[in-house]
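*Asks:* Dropping a structure here in structure tokens format, bear with me for questions.
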Amino acid sequence: MYQSACQAATTGSCVPGTGQQPDNERQSALIAQQPPTAPVEPDYSGFDIVKATQYGAIARVRELVESGWDVNQPDSETVTLLHWAAINNRRDIIRYFLEKGATVDAVGGELNATPLHWATRQGHLGAVVLLMAAGADPRIRDAEGCSCIHIAAQFAHTALVAYFIAKGVDPDLQDRGGMTALMWAAWKVCALDPVRLLLTLGANPAMVDYTHGNTALHWAILARNATAISTLVLKSKASLDVPNLRGETPLSMLESQTGAIWIGAKVMDRVKEAALTSQQRRSLLSKLRHDKRLRWWSMVACPFTAFYLAGIVFTVNTLYIIKFFLLGCLYSIFHTIGKALFDEHLMALLPLSVYLATKAWFYVTWLMYIDDAVSFTATVCFLISSLLLWVCFLKSWKGDPGIIRPTREQRFKTIIELSERGGIGFEPASFCSGCLVRRPIRSKHCSVCDRCVARFDHHCPWVGNCIGLKNHSYFMGFLWMLLIMCAWMLYGGSKYYVNQCNVRFDDFLGAMRAIGNCDAWVGWVMGNALLHMSWVILLTICQTYQVICLGMTTNERMNRGRYRHFQAKGGHSPFTRGPIQNLVDFLECSCFGLVQPKRVDWMNYYDYDAQTHQTIEKEPLLSVDCPDGMAGDHQYV
């Protein structure tokens, strides 16, 4: 019935085309030369009211109703006209029938379903909005025992699931068999949503159904739904120890599938950790492998230790070939430790830990070696630059980059407004299904941090945080201060070798031999300072050029071809106002009243008018003309 009912909507036209394709290019050319003819208006006069409703012939529908047809009269299968209008998303006809007194919750068809059930099954958000505005009850069950939210979850109609919950439907509403929308989505839908959306809106992953005693995770495992399993285990921390009526737990079910390619590596790590017995947990090796806090501290300590041991190798008075052999052994040891103890998440901490270790040994080297070789003024300048570096680093590391944090009420308001606009704002370019927020212009969802950030620049592993609206200026300060600190280390190290070892730097090879014979530790630290200085120079130049000259972020520069407001400008930033004004806007400070920053609330700036350079909308939702968002995850620099 559903397939036949939707035939009119899927064909695209109620009158099939009668023209035949030309047999050769000459016929095509002759046809192309004919003047265009006006489209022929389809003749609906022979349609009965059911067919007219299915095909959207509202004029014919009005004619038949005005002639006395009862809009609540069902057909032989107890299906009403409102059912046919709903399943074909004929919104004008739905409005007309409701005005004429159609029963909004009429039950009919093989499944004893309401028009709202029919519209939901086909994913017609517009029809659902109209029916619920007229008082349709989404909690009514059909013959299969399912309410509308269960049907929407089964067919992956994420926008409908969100709309039902925003309108007050309990996300944990159970059908006749005790199945929740989360269970149905985990069982039926292999995509990320609506499982993620349901969890974000408060669905309980611990609920069990009446028939089997399964949780949503049980159902996901039975369906081999790797996406749902990963989302439930890693995002919602669903329990692996809940037994169903057969005594099976998600842990035992996953253990029986060990080695299966459809189970993600992170999920299997979680399974192995949960499978440890209490005796295994007490062993030192097990603690090292499975104690996350201990592994985290081991990860942090490794760069500190490796830096020190490598420096000691350079200071050993032996042949260089032996030194290189020792360095190779040192690398093998730490590489083996890393593979055994560190997972992908912990490896993301490596750049931050390397930075902290390098800076810590900078301080030790300056105080123990360089301080006596330089002036008091040089030490003070080094410490001042270091203090400023710490301020900028902490603001970049622990500061809020501009995270968009909606409340539950704001999320519901966003969903309802988007839905009642016709659902035109649910596109990934304008709506984040992970955070359930409308995306302000220049914002982006960072998959590393799993959050939307206003005026997103990039995710920086060297500070372990996103760089966005509220910490971008501190990040720029971090780069400049780090550059200055590295320069001071090179200056101090050269002074140390000149004063303590009489090294002459006009002869490079001779200077390197003298450094190795005198004190290789300071040379090792100088080499690290030079290495860090090289990439910091490149990054600082790139960031400064983008901010001042281009007036765009790293994300915008890499993905400008995906944004409509950049396409309209031929790839140039529509936000640039010239180098001086760009700098003033970025720093948000005035220069003795000569120039004033243009203060824009990027947390709530949603659209850009390329003609007037003004915001045309500052409501909490995106319009259909919003810029395209990027589909990638994040950028590392």
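Each residue, glycine too, has its Cβ placed from N, Cα and C.
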*Asks:* From Swiss-Prot's topology annotation, check whether C501 and I58 share a side of the membrane.
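*Replies:* Domain labels do not match for I58 and C501 in Swiss-Prot.
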*Asks:* Among 112-134, 319-341, indicate the range for which Swiss-Prot gives the feature transmembrane segment.
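*Replies:* That would be 319-341, the stretch labelled transmembrane segment in Swiss-Prot.
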*Asks:* Which numbers of helix, strand and coil residues does DSSP report for the repeat 'ANK 3' (144-173)?
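*Replies:* Secondary-structure breakdown of the repeat 'ANK 3' (144-173): 16 helix, 0 strand, 14 coil.
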*Asks:* Do you know the DSSP helix, strand and coil residue counts for the topological domain 'Lumenal' (367-373)?
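*Replies:* Split by secondary structure, the topological domain 'Lumenal' (367-373) comes out as 7 helix, 0 strand, 0 coil.
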*Asks:* Short question: which residues 6 or more past the ends of the repeat 'ANK 4' (177-207) have a Cβ under 8 Å from it?
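*Replies:* Long-range Cβ neighbours of the repeat 'ANK 4' (177-207): 145, 149-150, 152-158, 161-162, 165, 171, 214-217, 219-220, 222-223, 225-228, 231-232, 235-236, 238-239, 242, 408, 411, 433-436.
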*Asks:* Relative to the Cβ position of C460 (active site, S-palmitoyl cysteine intermediate), how many further Cβ atoms are located within 10 Å?
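*Replies:* C460 (active site, S-palmitoyl cysteine intermediate): 26 neighbouring Cβ atoms within 10 Å.
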*Asks:* With the transmembrane segment (346-366) as the reference, which stretch in 296-315, 374-394, 473-493, 521-541 has the largest tally of C-beta pairs below 8 Å?
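*Replies:* Stretch with the highest Cβ contact count: 296-315.
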*Asks:* What parts of the chain pack near the transmembrane segment (521-541), using Cβ distances under 8 Å and only residues at least 6 beyond its ends?
*Replies:* 307, 310-312, 314-315, 358, 361-362, 365, 369-370, 476, 479-480, 482-483, 486-487, 489-490, 493-494, 496-497, 512, 515, 637
*Asks:* So which residues does the repeat 'ANK 3' (144-173) touch in its own chain, when a touch means Cβ under 8 Å and the partner is 6 or more beyond its ends?
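*Replies:* Contacts of the repeat 'ANK 3' (144-173) (Cβ under 8 Å, skipping residues fewer than 6 from its ends): 111, 116-117, 120-121, 123, 125, 128-129, 132, 138, 179-182, 184-185, 188-189, 191, 193-194, 197-198, 201-204, 207, 411-413, 415-416, 418-419, 423, 426, 433, 436.
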